[in-house]
Amino acid sequence: MSTIPPSLLLSAPSGVLQVSPLEAPSPLPIRFSLIIPTYNERQNIEAMVAHLSQLLDPVLPGEYELIIVDDDSPDRTWEVAQTLLVAFPQLRVMRRQQERGLSTAVVRGWQAAQGEILGVMDGDLQHPPEVLLQLLAAMERGADLAIASRHVKRGGVSRWSLLRRLLSRGAQVVGLLLLPGVVGRVSDPMSGYFLVSRAAIAERELQPTGYKILIEVLGRGQIQEIAEVGYVFLERREGESKVTGRQYLDYLHHLLRLRLTHGRGGRFRELIPLKQFLRFGLVGLSGVVVDMVVLYLLHDASTLGLGLTRSKILAAEVAIINNFFWNDAWTFADVAQQQRGGVARFRRFLKFNAVCLVGLVLNVLLLNLLFNQLQLHYLLANLIAIAVVTLWNFWVNLKLSWRVTAVKSSTHNGS
Ligand code: GDD
Ligand code: MN
C-alpha cells in the first residue's frame, strides 16, 4: 500500500473549540470544507466519499475537501477511510482518540479545515448528497447559513416511528420555549445537515454538547441571512443510529447553557410582544363571551340542561374557532399574510386547535379542581381557569402556530 501523504491525515486540534479566520490565501485555495463525523460507519464510508466526490468534482474541481472526523470507532472506520485517501485526493481523515461526541467532532473538523464555506453532514447516507449543490448555491448567493430542512416544502422523513416524530417535535417545542430567539429562527433547528460561512463563526468559542451543533451555530454565530432547502431524511441502510436517551439530556443541558450564557431570548419584550398579547387577550375575551353564551345555552337548566363537562367542551371548541378567526385576521395578521393560502391557514388552525385543546384539558382540570376542591362558584372557577390558560395559549401559539423563521421565502428551493 503506497504511503499516505501526512497532509491527508489530520491531527486532532485540542484546546478551546474555536474556528480561526482564514489566514492569507493558501496556494491551493479550498472554497468548501465538508465535515463528516463518523462513529462505526465502516459499511457506509466508501459509498459516501465516492458519491460526494462524484458530485463535487465537476462543480468545485480541486477546491473542496471532505474531512472525516472519526472518534476511534471500534469498527475501525478510520482505517477504512485512510485506505480511500489515495483514490480520493480531496479526502482528509482525522482520528480522534482523546475526545468523543458528534458536535465537538464537527468543530474540530472545522478548526482543521481550509475552506471559506464550512459544512457538515452525517456519514450514513441518511442525508442525500444531492442537496449539497442547492446549499452551496444558496451560500454563493450570499447566505451566512444554508440548512437542509425536513420541515419546509419538499422536506420530510421517510419511515420514522410516531414516537421518533413526537420526540423530535417535542424537543423542538422545548427549544422554542427555552430559546425562542435562537431555536425559533429556522424551521428545522435539529438538522444535522448545513453549511455556514467561516466568517460567521470565526473567533467565537463554541461549546456544543451532544448532537445539536446547528443550535450552537445559531446561538453564537453572527448569522443574518439564512437559507433553507427541503430534503427527505432517508432510512439508514447500514449500521445503526447512535442516538440514545443521553442525547436528549445533552440537548436540554445545551439549551440551558446557551440560555444562561447567552441571554438571547431572556429579554421580556422579546418573550412577550405586548401589542400582540393585548390583542390576543381581547380576542380571548370575545372567546370568553362566546364560551359563556354557548355554555349557558347548552348547560343551564332553563335551556338545554346538558352535562357540565360536555357543554364546556362544545362551548370551548366554538370559542376556539372564534378566537382563531380573529387572531389570524388581526392579532397575527402580519404573520398570516406571509403564509398565504387555505392550506397554510388550515395548518395554522390545526396547530392553534391542538395547543388550545391542551389548554382545554388544563382548563377542565383547573375548573374541576377549583369547583370540587375549593368549592368556588362554577362561573368564577371557569373565569380563573380561562385566565391561566390564556397565558399558556398565547405563549405557545406565538411560538408554534404563528411562527415566522428568519428565512426569506425567496431562498426556499425551487418555489
Ligand atoms: N465523530 C463522531 N463521534 N461521530 C458520531 C458520534 C460521535 O460520538 N455519534 C454519532 N456520530 C456520527 C454517526 O456516525 C453519523 O455519521 C452521524 O454522526 C449521525 O449520527 P446518527 O446516530 O446516525 O444520528 P441520527 O441519524 O439518529 O440523527 C441524525 O439526524 C437527525 C435529523 O437530522 C443526526 O444528524 C441528528 O443530529 C439530527 O437531528
Ligand atoms: Mn443517521
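Count begins at 1; order follows the chain as displayed.
For all residues, glycine too, the Cβ spot is worked out from N, Cα and C.
TrEMBL: automatically predicted annotations, no manual curation.
Quantities reported herein were computed from a predicted structural model and do not represent experimental measurements.
Feature annotation from TrEMBL assigns domain 'Glycosyltransferase 2-like' to 33-193.
If you look at the transmembrane segment (277-298), the same-chain residues 6 or more away from its ends with a CB under 8 A from one of its CBs are 304, 306, 310-312, 314-316, 318-320, 322-323, 326-327, 330-331, 379, 382-383, 386, 390, 393-394, 397-398. According to TrEMBL, the feature transmembrane segment maps to 277-298 (among others).
Look at TrEMBL and you will find 279-401 tagged as domain 'GtrA/DPMS transmembrane'.
Remote same-chain partners of the transmembrane segment (349-370), defined as residues 6 or more beyond its termini with a Cβ less than 8 Å from a stretch Cβ, comprise 309, 312-313, 316, 320, 323-324, 327-328, 376, 378, 380-382, 384-386, 388-389, 392-393, 396-397, 400-401. Here TrEMBL flags 349-370 (among others) as transmembrane segment.
Within its own chain, the transmembrane segment (376-395) is flanked in space by residues 177, 272, 276-277, 280-281, 284, 288, 291-292, 295, 308, 312, 355-356, 358-360, 362-364, 366-367, 370, which lie at least six positions past its ends and keep a Cβ under 8 Å from the stretch. The feature transmembrane segment is assigned by TrEMBL to 376-395 (among others).
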Model confidence over the domain 'Glycosyltransferase 2-like' (33-193) (mean pLDDT, whole number): 93
